[in-house]
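What follows is a short report on a single structure.
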Amino acid sequence: MKPTLVLVGRSNVGKSTLFNRLTRSRDALVADLPGLTRDRHYGHGKLGDRPYLVVDTGGFEPMATEGILHEMAKQTLQAIDEADVVLFIVDGRSGLTAQDKIVAEQLRRSGRRTLLAVNKTEGMAVSVVTAEFHELGLGEPCAISAAHGDNVNELVTLALQDFPDEPEQERKDDHPKIAIVGRPNVGKSTLVNTLLGEERVIAFDQPGTTRDSIYIDFERNGRTYTLIDTAGLRRRGKVQETVEKFSVVKTLQAIEDANVVILVLDAASEISDQDAHIGGFILEAGRALVLAVNKWDSLDEYQRDMIKRDINRKLPFLQNFARFHYISALHGTGTKGLLPSVDAAYGAAMAHLPTPRLTRTLLAAVEKQPPPRAGMSRPKLRYAHQGGSNPPLIIIHGSALNAVPQTYQRYLENTFRDTFGLEGTPLRIEFRTGRNPYAGKSPAPLTEAEAKRAHRRRRYGRKKYG
């Protein structure tokens, strides 16, 4: 599991800005609006090859006893309990406040490892701006600027120092782990029970029935699988209960832990933006994907056509590699094809791609459609090899590769996917430009003979060309 970093502090100290910096997103803009900070913002980032989860929280008011502030305080305390490391954010420009002291006392009582980050210190003397914060008794303050990125990597390095210094490892299991994810009440637990052939988990017609990720091992046709039933991922504004908010973390961790994800869509309602957000997170995590459109038996032909059009419009980024199944989890209709699709997606995600064949495929693709020119030069793609699996990573070597456009990258991705049959898994392509051995070097001075020859060539050129 990834280590979880929780951002805590009073309002307007820059927690959401730091969250966006760590996750390289803008997902936490809503956290700046009063009354909306009850909703957690979850994301994942990387420091080099070291992944981590980040939880953004609302402004912390530990002394609040009623209303929204009280609810926010309870949820922040729950977040602290879930944290591996708490990043306590304070404002270096406004200085130490009484509320900062109250929050610091609450964090000391929690027993969680806490790092103190003094934000908004750009252009200020570090020793001066951090001096008064030693009073909080939380160790040496780290001066950062979330807006400009100053010392943010140093802060994360300090937070992760007690965790194994290892990149994300390829799966060592010899059988697929399958996470069942989707919005609440789309039939995830019903589908789990149908695949297992028994009432293994509670399936109830009420959103939020599943609170935690449940791992279930089973065998089918002589092969072992692990199913992961997860809590529903609702749109931020509709999440009310604290326990449900933190079940989101478990669901995101289940996606990271899985080899293949089955995304369950509800055909009885329109495909929502939240379905697209979940699909985007799965794609970003690099997990193989199978889509199950549930409750298909409840629709007539016109409604089925409308749902298919809705899928084409809202989920186009998943259609080039993921298989779609139209099922009824309750009656079992269409579910027999799910596990074969899972096997195919798992095989594609873990596939070994030979270097000679990759290079031949690359050169054939370039010969058929060369990359477009960038100025006076054209990118040169020389050879390719595999750099990892789950998802497959293809590394292409050459020169001037920074000029390869996204459209040509998609062309190469589709070519590799068709050649190797990589259906059901995302495919990553990384370009690496060879090192110039003469970079940073100046030419040696000419000898007397070389200088005379150069002079004769210049004279000849002037006489001939004027």
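The backbone N, Cα and C atoms fix where each Cβ goes, glycine too.
Between the stretches 365-398, 433-466, Swiss-Prot puts its region 'Disordered' entry on 433-466. For W296 (GTP 2 binding site), the nearest of the binding-site residues K15, T57, F60, T121 in terms of C-alpha separation is T57. Broken down with DSSP, the region 'Disordered' (433-466) shows 18 helix, 1 strand, 15 coil. Neighbour density at the Cβ, taken as the number of other Cβ atoms within 10 Å, is lowest among the binding-site residues F60, W296 for W296.
In this structure, the CA atom of K15 (GTP 1 binding site) is 34 Å away from the CA atom of K188 (GTP 2 binding site). Around the Cβ of T230 (GTP 2 binding site), 27 further Cβ atoms fall within 10 Å across all displayed protein chains.
In the three-state DSSP scheme, T121 (GTP 1 binding site) falls into the coil class. Mean pLDDT for the domain 'KH-like' (351-435) in the predicted structure: 91.
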